[in-house]
Structures are given as C-alpha cells and as structure tokens.
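**Student:** Sharing the record's features from TrEMBL:
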{"type": "SIGNAL", "residues": "1-21", "note": "signal peptide"}
{"type": "DOMAIN", "residues": "22-314", "note": "domain 'Plant heme peroxidase family profile'"}
{"type": "DISULFID", "residues": "Cys32-Cys112", "note": "disulfide bond"}
{"type": "DISULFID", "residues": "Cys65-Cys70", "note": "disulfide bond"}
{"type": "DISULFID", "residues": "Cys118-Cys310", "note": "disulfide bond"}
{"type": "BINDING", "residues": "His190", "note": "heme b binding site"}
{"type": "BINDING", "residues": "Thr191, Asp234, Thr237, Asp242", "note": "Ca(2+) 2 binding site"}
{"type": "DISULFID", "residues": "Cys197-Cys221", "note": "disulfide bond"}
Amino acid sequence: MASASCLSLLLLLALASAASAQLSSTFYDTSCPNALSTIKSAVNAAVAQEARMGASLLRLHFHDCFVQGCDASVLLADTATFTGEQGAGPNAGSLRGFSVIDNIKTQVEAVCPQTVSCADILAVAARDSVVALGGPSWTVLLGRRDSTTASQSLANSDLPAPTSSLGQLKAAFNNKNLNPTDMVALSGAHTIGQAQCQNFRDHITESNINPTFAASLRTNCPASGGDTNLAPLDVTTPNTFDNAYYNNLMSQKGLLHSDQELFNNGSADNTVMNFASNAAAFSSAFTTAMVKMGNISPLTGTQGQIRLSCSKVNSS
C-alpha cells in the first residue's frame, strides 16, 4: 500500500515536472501582453532598414538552439573570466544582429521588467523576420528561460559547417531530433541572407556547380583574398523568403557546398524537388521544423534566469 502511494506521488511529481517543461503560446498573455507586438515592431523596423538583418536574426535563433538548446547562450559575450560561443568557428566574424536583440530587450524591459527571456525574444524575432521578408508565419511557443552558461566547444562540434556532406548534415540534425525533411526545410532559410567568400570559395571549383554561376561568383571571390566579400545565398530572390532556393539547387546554383549536397544524386533530392514545385509544402514543412527546433532542450520553470541584459548573466 505504502509503495503504491509512493508510486502515485512519484507519478504526480513526474507529471508536474513534465508540465513545467512545456512551452505555451499564451505564456506572456497575462504577465506581458504587449511583449509580442513590441518585438514585432522592432524587428520590422530593423528589417526595413536592412533586409539582410532578417536572415541574421533567424540565424541567431538557429545557432542558439543547436548549442545547449534554445537558451540564449549564444548572446553571452566573452569577458576576462567567461568564454562564450561567439568566438566559435561557425560564429566568429559572421554572427550579427546582437545590437537589434539588445534594442528589443531594452524596449521589452521598459514595458515588462525582468519578465520576457532573451531566448524567447530570439524565437519570436526569428518568426517575425521570416514574415517581414514575405515568408510564412507560425505560432511561437514561449516560456524559455535564459542560461547562465555557454559552450564554445559545443558550438564548434554541433553546428553544421558549410563544407558538410549530406551524411554530416543528416547526423547534425538527427542529433537534435530533427529528421531529414526538417533538415531540408530548415536549410531553406538560405532563401535569404548572404555568405562570406571564405565559406564558398572551394565550392566554386567543384564539379556540381553551374559554370556560369561559378564564373559570376569568382568575380567577387578570387582564389585568394576577399575572404569576407558577400554573395546572396539565393541568387534569384535574395531578400524574399520563398522556395526559389530549391529551384536554384536543381539548377546547381547552391552557394555553399552544404547547400548543393541537398540536391546531388542523394537521398534528399526528392524533398528538394517537392519543395521546388510546391511552395505550400515547403512553408508547411518549414514552420513545423521551426517549432520543433524552438523546442530543443529549453530551460523552463525555475531553471536558468530572465537576464536583464542579453549579453551577460545577472549579477547575483
């Protein structure tokens, strides 16, 4: 009898912890009803000023979630006694949008002090960026809390590199419980944004690239020098969130080696062809995958903290 009641107590405790770990679309409805509109107007202003910022904010959320989960660890700046993720190979010299997030955080703090996490701001800003550039919307689940730690080593190991093979891409996404369809759909975020020459220079000389496209890239990305020169990831509609990325891949106009790997006589070819011919299928898969990605190991309940400034842990 005692063991039965003990079991039921354990079950209740397990259910309670599971419930606290659930994110909710209504998390701030009472505590900060203006949070979402405040974030949206700030994102719209930033993207109106520079379209590329939409891609930068989307990438921040991705690079956050793939390292320790969606906990805003990516926003923590290095100090004399703390090494964050911003100096990791996939992030150094290319992650941007920090000042936009800081600006949003300042505005949100003004309406609701120490209520809305930086991790949730990243998740909402990613969605609002996609919408601002003409892409689909989705309901962002909320209630993440901010980490007090970061991991440069995990950033180096868990974020897929632009040189990745299809197998490496599938493994990196599978690591985060994202399936091959999620992987191809999330790669479609490369319908916006730009990449640096140093990340596509080698691909220019590979055999699976359209020769005319390769020649056009070479003018701005020579064999040596110009490492930080930029090219659009989607040569067709660089500032519009659409499915043109997949049509580019079918024409061998993927900018990165890892892009073209998705359409290179491999297991992802059929998904690419489906998304290229069916914009609604892409939108549906992309929004589903974004919700899944946003649900990677969030801190909830009393875990972590609500940072006052996104770039540093609260002083105790």
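Cβ atoms are placed via backbone N, Cα and C, with glycine included.
I'm curious about the neighbourhood of these features; can you describe it?
**Tutor:** All chains included, 16 other C-beta atoms sit within 10 angstroms of the C-beta of Cys112 (disulfide bond).
Around Cys70 (disulfide bond), the C-beta neighbours below 8 angstroms that are at least 6 residues distant in the chain are His61, Asp64, Ala119, Leu122, Ala123, Arg144, Met293, Gly294, Asn295, Ile296, Ser297, Pro298.
Same-chain residues at least 6 positions away in sequence with a Cβ under 8 Å from that of His190 (heme b binding site) are, in sequence order, Leu233, Asp234, Tyr245, Leu255, Leu256, Asp259.
Around Asp242 (Ca(2+) 2 binding site), the same-chain residues at least 6 positions away in sequence with a Cβ under 8 Å from its Cβ are Gly134, Gly135, Thr191, Ala279.
Counting only same-chain residues six or more apart in sequence, the Cβ atoms lying under 8 angstroms from the Cβ of Cys221 (disulfide bond) belong to Cys197, Phe200, Arg201, Ile204, Asn229, Ala231.
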**Student:** Looking only at the domain 'Plant heme peroxidase family profile' (22-314), report the model's average pLDDT.
**Tutor:** 98
**Student:** Here's one to test understanding: among the recorded positions Cys32, Cys118, Thr237, Cys310, whose C-alpha is closest in space to the C-alpha of Cys65 (disulfide bond)?
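**Tutor:** Nearest by Cα distance to Cys65 (disulfide bond): Cys118.
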**Student:** Mind checking which of Thr191, Thr237 has the fewest other CB atoms within 10 A of its CB? They're the binding-site residues.
**Tutor:** Thr237
**Student:** Here the disulfide-bonded residues are Cys32, Cys65, Cys118, Cys310; which one has the lowest number of other Cβ atoms no more than 10 Å from its Cβ?
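**Tutor:** Relative to the other disulfide-bonded residues in Cys32, Cys65, Cys118, Cys310, Cys32 has the fewest Cβ atoms within 10 Å.
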**Student:** Between the recorded positions Cys197, Asp234, where is the Cβ count within 10 Å the lowest?
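**Tutor:** Among the recorded positions Cys197, Asp234, the sparsest Cβ neighbourhood within 10 Å belongs to Cys197.
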